[in-house]
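Asks: The compositional bias 'Polar residues' annotation in TrEMBL covers 147-161. Annotation source TrEMBL lists domain 'Transcription factor CBF/NF-Y/archaeal histone' at 14-79. Per TrEMBL, region 'Disordered' is recorded for 135-161.
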Amino acid sequence: MDPMDIVGKSKEDASLPKATMTKIIKEMLPADVRVARDAQDLLIECCVEFINLISSESNEVCNKEDKRTIAPEHVLKALHVLGFGEYVEEVYSAYEQHKYETMQDSQRSVKMNTGAEMTEEEAAAEQQRMFAEARARMNGGGVSVPQPEQQLDTQQPNLQS
């Protein structure tokens with residue numbers, strides 16, 4: 001990532017990607033509103049400071065509970081402690097939505113992977129077929145290689161069109 005794409009004074013400073021933050025800022029405003037570059041940079045710096053503040057307070061809440069990992073509950077409690085209690089419900093709702101979408105994505109991924117995998121027997125049969133095909137090519141191509149039956153014709157693309 002180009003150092004100019006990050007708002008911050010040095011590499012040690014915590015920062016956010018400028019392009020992403022600019023996109024978020026523009027999505028929140030009416031289409032006819034323009035934002036000066038200095039104002040964008042200031043908004044981004046405010047976001048960084050807010051994240052630092054919440055992270056620090058969440059860490060303190062976590063430490064008071066003798067925990068080593070900051071959990072969502074610690075962040076929500078930090079919002080209350082810092083006087084942002086009116087945002088807790090909306091933040092929690094966004095967190096629940098994120099969990100739901102992540103779960104849906106992982107379930108879709110598992111379904112897609114399961115459909116493409118072969119059983120051990122199918123893999124062994126395919127391996128034997130491929131070995132026979134390779135031997136036939138090496139021996140002059142005179143031997144015909146039996147093709148395994150396709151169980152799921154709907155999942156196999158027809159490449160002969």
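Using the three backbone atoms N, Cα and C, a Cβ is placed for every residue, glycine included.
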Asks: Do you know the DSSP helix, strand and coil residue counts for the domain 'Transcription factor CBF/NF-Y/archaeal histone' (14-79)?
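Replies: In the domain 'Transcription factor CBF/NF-Y/archaeal histone' (14-79), the DSSP-based counts are 47 helix, 1 strand, 18 coil.
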Asks: Let me know the model's mean pLDDT on the domain 'Transcription factor CBF/NF-Y/archaeal histone' (14-79).
Replies: 94
